[in-house]
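These features come from Swiss-Prot:
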| type | residues | note |
| --- | --- | --- |
| ACT_SITE | Asp178 | active site, proton acceptor |
| BINDING | Asp447, Asp449, Asp451, Tyr453, Glu458 | Ca(2+) 3 binding site |
| BINDING | Asp477, Asp479, Asp481, Lys483, Glu488 | Ca(2+) 4 binding site |
| DOMAIN | 52-312 | domain 'Protein kinase' |
| DOMAIN | 355-390 | domain 'EF-hand 1' |
| DOMAIN | 392-427 | domain 'EF-hand 2' |
| DOMAIN | 434-469 | domain 'EF-hand 3' |
| DOMAIN | 472-499 | domain 'EF-hand 4' |
| REGION | 1-25 | region 'Disordered' |
Amino acid sequence: MGLCSSSSARRDAGTPGGGNGAGNKDNAGRKGIVACGKRTDFGYDKDFEARYALGKLLGHGQFGYTFAAVDRRSSERVAVKRIDKNKMVLPVAVEDVKREVKILKALQGHENVVHFYNAFEDDNYVYIVMELCEGGELLDRILAKKDSRYSEKDAAVVVRQMLKVAAECHLHGLVHRDMKPENFLFKSTKEDSSLKATDFGLSDFIRPGKHFRDIVGSAYYVAPEVLKRKSGPESDVWSIGVITYILLCGRRPFWDKTEDGIFKEVLKNKPDFRRKPWPNITPCAKDFVQKLLVKDPRARLTAAQALSHEWVREGGQASDIPLDISVLHNMRQFVKYSRFKQFALRALASTLNAEELSDLRDQFNAIDVDKNGTISLEELKQALAKDVPWRLKGPRVLEIVEAIDSNTDGLVDFEEFVAATLHVHQLVEHDTEKWKSLSQAAFDKFDVDGDGYITSDELRMQTGLKGSIDPLLEEADIDRDGKISLDEFRRLLKTASMSSRNVQTPRSVHRS
């Protein structure tokens with residue numbers, strides 16, 4: 001059951017592929033008119049017929065067909081997506097093709113993304129040449145399993161590969177937007193074949209701090225925030241959560257006879273973890289799925305965080321955990337916080353134990369290339385350079401290090417890193433009682449006399465700051481009584497996670 005309609009409705013998010021971005025520049029003519037149909041010149045190579053021989057038909061879509069083909073020079077077998085120029089009657093159809101090629105190029109080389117070779121064109125068609133995957137769709141393998149479900153071990157292998165794709169997309173400023181079993185192919189028919197993401201037709205580049213306002217995707221896998229017209233990278237993780245639920249129990253977590261009924265289920269109801277086989281599935285697996293299917297996208301695990309979860313770790317180890325885009329965003333955001341908010345976050349970070357910080361430990365280790373227990377300016381530069389939409393200059397990176405580096409030694413240790421990258425909203429949503437306990441403990445570090453308030457004198461004593469403290473208190477002092485209550489302190493901490501995860505994204509549901 002799909003939500004896909006014409007692609008003309010989806011460009012209202014201000015993304016690079018949309019009205020204001022790079023996706024339009026290449027398409028615009030001298031007067032801003034995009035040539036369509038046979039008039040379209042994509043600038044791709046024109047020698048497809050000389051390079052490849054088309055073979056059997058593999059499948060077809062709205063605008064074209066996919067064929068097996070052979071490279072005339074190397075005899076290598078490939079897949080070719082042939083798109084009819086005559087069907088590109090609107091400029092957005094031209095943009096869609098250019099964007100898909102751009103995305104395939106951006107993700108080139110990732111082990112779980114179908115390999116892109118080249119794009120060609122002639123007067124009638126565009127040809128996108130890709131890796132040939134002959135193992136069939138993930139959906140077909142699910143249906144072939146007994147009771148249409150995987151063992152936990154096999155499911156974890158599949159889910160890990162999907163999460164790696166999502167994390168890589170998000171680092172490149174991309175959201176897939178149509179994660180579903182049909183869009184993952186196995187390289188071969190072998191049982192242990194690698195999984196490859198394909199069909200980036202609904203994917204798009206995102207601008208940090210923005211959200212998509214259109215409804216796209218496939219009904220069973222669409223995230224609540226997509227239906228609310230305010231979606232971003234987190235929607236991919238929700239879709240993977242739905243797929244994981246299906247892999248483990250053979251049923252969809254949200255189902256109804258109608259599309260609108262499915263949407264109501266997604267928005268209002270929680271998945272059922274009581275029916276068989278869930279009582280026989282490990283608590284660790286259930287915890288994993290539940291944290292991917294959190295309705296609030298701010299509290300949902302990111303793709304990189306999910307890869308650090310105990311259930312999905314390869315052999316119990318966090319092997320090749322990619323950088324988490326939200327961790328990099330949080331570090332940039334930390335610079336903008338008031339001194340009091342920074343101190344409050346450091347106090348909160350100090351209350352967490354090693355198990356609660358396992359995902360951030362993985363991220364710290366990924367950035368700490370020389371494994372000396374601290375992050376240098378150069379290591380942080382290298383990490384932030386991988387955040388494609390941002391790629392900060394040297395002075396900006398130094399500014400981040402100086403803000404995070406509380407002991408002013410020019411390095412970032414793990415405790416400093418945690419304070420700057422903590423997902424406060426996840427703490428609030430995942431375990432309310434634990435949040436209350438941790439925030440109380442952080443508050444108590446400032447409330448020296450234990451009277452239930454933080455005064456300017458106590459703040460000065462705990463921070464060592466000189467000069468007037470009153471301006472620092474004003475941000476949190478909602479009732480203007482000159483001191484900070486526990487509720488006001490908690491409110492201040494919660495605002496730390498409000499802006500750092502607000503990032504934006506593209507479409508097989510399609511509603512304008």
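Just so you know, the numbers here start at 1 and follow the chain as drawn.
Cβ coordinates are placed from backbone N, Cα and C, and glycine is handled just like the others.
Because the structure is a prediction, the values reported are computed rather than measured.
Positions of Swiss-Prot features highlighted on the structure.
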{"residue": "Asp447", "record": "Ca(2+) 3 binding site", "DSSP class": "coil"}
{"residue": "Tyr453", "record": "Ca(2+) 3 binding site", "DSSP class": "strand"}
{"residue": "Glu458", "record": "Ca(2+) 3 binding site", "DSSP class": "helix"}
{"residue": "Asp477", "record": "Ca(2+) 4 binding site", "DSSP class": "coil"}
{"residue": "Lys483", "record": "Ca(2+) 4 binding site", "DSSP class": "coil"}
{"residue": "Glu488", "record": "Ca(2+) 4 binding site", "DSSP class": "helix"}
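Taking CA atoms as the reference points, Tyr453 (Ca(2+) 3 binding site) and Lys483 (Ca(2+) 4 binding site) are 6 Å apart. Here the Cα atom of Glu458 (Ca(2+) 3 binding site) is found 15 Å from that of Asp477 (Ca(2+) 4 binding site). When the recorded positions Asp178, Asp481, Lys483 are ranked by how far their Cα is from the Cα of Asp447 (Ca(2+) 3 binding site), Lys483 comes first.
Taking H, G and I as helix, E and B as strand and the rest as coil, DSSP gives the domain 'EF-hand 2' (392-427) the counts 23 helix, 2 strand, 11 coil. Counting every protein chain shown, the number of other Cβ atoms lying within 10 Å of the Cβ of Asp451 (Ca(2+) 3 binding site) is 10. Its Cβ taken as reference, Asp481 (Ca(2+) 4 binding site) is surrounded by 11 other Cβ atoms within 10 Å in the chains shown. Considering only the binding-site residues Glu458, Asp479, the Cβ with the fewest other Cβ atoms within 10 Å is that of Asp479. The DSSP breakdown of the domain 'EF-hand 1' (355-390) into helical (H, G, I), extended (E, B) and coil residues amounts to 22 helix, 2 strand, 12 coil.
Here the domain 'EF-hand 3' (434-469) has long-range neighbours at 339-340, 343-344, 347-348, 350-352, 427-428, 482-486, 489-490, 493, meaning same-chain residues at least 6 beyond its ends whose C-beta is under 8 angstroms from one of its own. Neighbours of Glu488 (Ca(2+) 4 binding site), defined as other CB atoms within 10 A of its CB across all chains, total 19. Remote same-chain residues near the domain 'EF-hand 2' (392-427) are listed as 296, 298-301, 305, 326-327, 330-332, 334-335, 342, 345-346, 348-350, 352, 357, 360-361, 363-364, 373-377, 380-381, 384, 434-435, 438, 493-494, 496-498, 501 (criterion: CB distance under 8 Å, separation of at least six residues from the stretch ends). The shortest Cα-Cα distance from Asp449 (Ca(2+) 3 binding site) to any of the recorded positions (Asp178, Asp477, Asp479, Asp481, Lys483) is found for Lys483.
If you draw a 10 Å sphere around the CB of Tyr453 (Ca(2+) 3 binding site), it holds 18 other CB atoms from the protein chains shown.
Neighbour counts of Cβ atoms within 10 Å were compared for the recorded positions Asp178, Asp447, Asp449, Asp477, and the top value is held by Asp178.
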